[in-house]
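Worksheet: the structure to be examined is printed underneath.
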Ligand SMILES: Nc1ccn([C@@H]2O[C@H](COP(=O)(O)O)[C@@H](O)[C@H]2O)c(=O)n1
Ligand SMILES: C[C@@]1(CO)OP(=O)(O)OP(=O)(O)OC[C@H]1O
């Protein structure tokens, strides 16, 4: 069965803070404020993945009252979310996301953002799409008070037997993540990567 998830996040812009989007530190006179590194794009993607798997949201798994997540690298949190999905027998099929930012221009950094997301999730780069749009100077994003992001994803349920190796363009996530010893992931590995054993 294919399942769909959506995610949305907003962070405020302020001086004296790094701007990190999609795991890329972007040169800018202001950055996003948060308890973690405030990576608005990765937060929206995590919520989409958790939503698709009916696993709640990032606040449930990484509470902003927990000191362990102060300044947290959101790529590490995304990797944890990927592990949660794999442990439940889900494969990430595709992710599409939009960052809404009046400035700076994000297009020069898109390829690296895509590489970062694909790499930590153990999927192919063409399973990830990231876009940017300004808000034509309208609203809080248009006034440059903050940056928002939206994401949608589809995931496939390996355990229901309805998908084949051909559905997993990225192959078995366990190959790139060394998680072969876990139940559902072991099954994925055996199904999708038999020749690599
Ligand atoms: N922060 C942004 C905003 C936009 N882009 C790129 O520019 C294109 C046009 O944006 P509009 O908001 O004028 O529609 C958009 O499709 C992006 O390719 C960007 O890189 N960074
Ligand atoms: C990942 C967390 C961890 O504190 O990051 P924050 O920077 O607080 O970002 P937000 O999107 O407001 O909430 C998610 C949190 O769980």
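Heads up, the Cβ atoms here are built off N, Cα and C, so glycines get one too.
Residues 9, 11 are given by TrEMBL as divalent metal cation binders; from 43, 61, that same site also lists 43. Closeness to ligand 1 is met by 134, these being the recorded positions among 43, 63, 134 whose Cβ falls under 6 Å from the molecule. With a cut-off of 6 Å between Cβ and the nearest atom of ligand 2, the binding-site residues 35, 43, 58, 66, 135 reduce to 35, 43, 58. Of the recorded residues, residue 134 (site 'Transition state stabilizer') and residue 9 (divalent metal cation binding site) place their C-alpha atoms 16 Å from one another.
In the three-state DSSP classification, residue 11 (divalent metal cation binding site) falls within a strand. Each of 10, 32, 34, 38, 39, 40, 41, 42, 44, 148, 149 belongs to the same chain as 9, 11, 43, is absent from that list, and has a C-beta within 8 angstroms of the C-beta centroid marking the divalent metal cation site.
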